[in-house]
Amino acid sequence: KFRERLEPNREKCPPHVLQVIEEELTKLQLLEASSSEFNVTRNYLDWLTVLPWGNYSDENFDVIQAQTILDEDHYGLADVKERILEFIAVGKLRGTSQGKIICLSGPPGVGKTSIGRSIARALNRKFFRFSVGGLSDVAEIKGHRRTYIGAMPGKMVQCLKNVGTENPLVLIDEIDKLGRGHAGDPASALLELLDPEQNANFLDHYLDVPIDLSKVLFVCTANVMDNIPNPLLDRMEVIAIAGYITDEKMHIARDYLEKTAREACGVKPEQVEVTDAALLGLIENYCREAGVRNLQKHIEKIYRKIALRLVREGSSNESVMVQPADAKAEVVDESDHHAAANKADVEVETSVQVDTVQTNDQPKDPKNAADSKELQETEATKAVEKVVVDTSNLADFVGKPVFHAERIYDQTPVGVVMGLAWTAMGGSTLYIETTQVEQGEGKGALHLTGQLGDVMKESAQIAHTLARAILLEKEPANPYFANSKLHLHVPAGATPKDGPSAGCTMITSMLSLAMKKPVRKDLAMTGEVTLTGKILPIGGVKEKTIAAKRSEVRTIIFPAANRRDYDELAPNVTEGLNVHFVDDYSQIFSLALEYDVNT
């Protein structure tokens, strides 16, 4: 059996593998079937001969076809699509396919895992997915030694057996959630697997012969890059997928999610109409997450409720139509029941009378009868009216809005400034509020609340020191910070917050209070600040821009070092925004606080 299985692939099989197989076959011939070694050798040979040595699937080198496939499955995600088309173009020019290690990072629900399947379809490669979330055993990746009872090869060898080719697309899901147990560190085991220099000779503990994985395209997914060990991150090419803006979510809901939900619930397109205003309301008030998974759940919920409504209306119409005939039949049954002795006679009599009752109501001409039947059916379908989902009845389907306007203030009062934050779920706006607790000679102090992390607390201390220095420079006669106890709060109180990028917002909030001057209207800012007033770069530019736009901010202040990140954003993200790039706090001061209060 093993020799027959090996024969078609003998030419493609590497010499070192053929040598091991021949040795094992010779060993197997000499062993007794009852020997314990016999089963170990047989299983080993089974794995060695079943692997697709030298078998490759024909790859698609047509860039236009690949683009069409990628666009069919996903809207947006231009960076990922561009990278895959580059990969195809390189393959076409070289005339051979190659492997790569790509890592897609982004918040949940933006389509990281599903784009992997789509990429495999575009490249015409076999697809294999395994999740390493919580994985704590190195043997899952590298296999067990053959001496153990129940030993098995690692996931990569199992993958090659399943797909039957040596150039599949392997999706390694949740690579940022790798565990670490008593059985070693899987992140370190992945170093060999995901290293383009080493994986041409990947050595599995069970097979003990080198396997060529250099043609495999590895796509990893992660939510937060900070949790991935640096040596492992160094081996991957990271493509960040930020969240979708409202406009993109509208397209996704219309072209993908709504269609899928409608088919899943068995509702016909002509029975339902979800207006654009309702979808916009759903996105703005219920599904503000960066991804679209929650939006998908809400759209499914709407269609389930519509399905229930349609079935209820349909069944009530049926019962109305059927009731008179049933009632008359029952009357006949009742009246004849006490007189009839033979059960069969009763049945015959009943059926005859029911027939006459039904035919009396209908025309005698068979053609007319058919017409009237069609008329009844159309009336029944008409009775089930088209369901229109609009902003007025959206709450009936999905309940009360979860999110309310992120803007607490139309015009921010003195001591309050809008900052921009980045979270694993996308971007959001947050207010930084400073107020005076008490005043007196030498009472200068700062009290912090709002579940701030260590980095943010240090930012607040730096801000306090720098604000004091700036006020001394601008208004030497104003001893406000020396004599005032201040309380700085960052709502909402239940949400933990950390990170350095609120530094410039905190300074502005304190100076606004000291100078009794509110900041300019519709202004938001972000940036880490040093003790000398320099503004350092921040992360999550796209997410923060989206959050600002959602809160109807017109002017954003970003660090000058982030200009390139901002310039790379699509025009529909930056439309209608006035953005200033600064490298020193004095520029922020002139933009936010240097204006005439009366005008």
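Just so you know, glycine gets a Cβ as well, placed from its N, Cα and C.
Look at TrEMBL and you will find 355-378 tagged as region 'Disordered'.
Per TrEMBL, compositional bias 'Basic and acidic residues' is recorded for 362-378.
The domain 'Lon proteolytic' annotation in TrEMBL covers 411-595.
Long-range C-beta contacts of SER501 (active site), restricted to its own chain and to partners at least six residues apart, with a cutoff below 8 Å, comprise GLY419, LEU420, ALA421, TRP422, THR526, GLY527, GLU528, ILE538, GLY539. Per TrEMBL, the feature active site maps to SER501 (among others).
Listed in sequence order, the residues of the same chain lying 6 or more apart from LYS544 (active site) and placing their CB within less than 8 Å of its CB are LEU420, ALA421, TRP422, GLY427, THR526, ILE538, ILE556. Under the heading active site, TrEMBL lists LYS544 (among others).
Averaged over the domain 'Lon proteolytic' (411-595), the predicted model reaches a pLDDT of 83.
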